[in-house]
Amino acid sequence: MGWQRPDGRQSHQLRPISFERGFTRFAAGSVLTRCGQTQVLCNVTVRPGVPKFLEGRGQGWLTAEYRMLPAATPQRQEREMLKLSGRTQEIQRLIGRSLRAALDFDLLGERTLVVDADVLQADAGTRTTAITGSFVALADAIDQLLQAGELQRSPIRNYVAAVSVGLLEGEPFLDLSYQEDVAASVDFNVVMTESLQILELQGTAEGESFSRTQLNQILDVAEVGIRELIAAQKSVLGQ
């Protein structure tokens, strides 16, 4: 009979996604992103200057931080203070890499964009939701710079989105919830541009290997999700 999704979705169906722009007052871009029961607050701040290794080159930079609120999961987690977990460091590097691929830093000038992705509620897919929502916040921050006359042209060169795909009973399923994530034998996070160029693949098997054919199926399903996510980004940004 195969895997039956707890929420009744089809195998290629995303969870409902929404972007609430202007969520906080002071960030240049601020978006509360909801993907099913997962909620991530994505803020982008603009700072003058760049890291030392870029000084004098006329180029900009983007960096990202990722955290989870203690009550974002059913069991309260301790706040990460001075020492970040390996998972947190991995995720914030992923967010930064993914969003840097969206930008032409020569057009940004010597300023740094700081992305803060804070998970308010987690039901799997927090890193993919953070990337997809932070792109919308990034677009709003760039628009603010353009409106203020600080930039002459937009440095955004690619739309970027991310989605999870998992194998459950040997079949690929898009955008896993937590209940599905823990049951999946293979779990992938896929980051792509609007033209479906791959920016990152993170895939692991839990106890079972998977074939090249199944990998191709996973990527096919991911492309379906990326197209829909970027369409949602464009819709909310009025593109």
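For all residues, glycine too, the Cβ spot is worked out from N, Cα and C.
Keep in mind the model is a prediction, meaning the values are calculated, not measured.
Residues or ranges marked as phosphate binding site in Swiss-Prot: ARG87, GLY125, THR126, ARG127.
The Cβ neighbour count for ARG127 (phosphate binding site), using a 10 Å radius and every protein chain shown, is 24. Other residues of the same chain near the phosphate site, with their Cβ within 8 Å of the Cβ centroid of ARG87, GLY125, THR126, ARG127, are TYR66, ILE91, VAL119, ALA122, ALA124, THR128, THR129, ALA130, ASN189. Close to THR126 (phosphate binding site) in the fold, though at least 6 residues off in sequence, lie THR38, VAL40, MET68, ILE91, VAL119, each with a CB less than 8 Å from its CB. Considering only the binding-site residues ARG87, GLY125, the Cβ with the fewest other Cβ atoms within 10 Å is that of ARG87. THR126 (phosphate binding site) falls within a helix when secondary structure is assigned with DSSP. For the recorded site, ARG87 (phosphate binding site), the DSSP three-state label reads helix.
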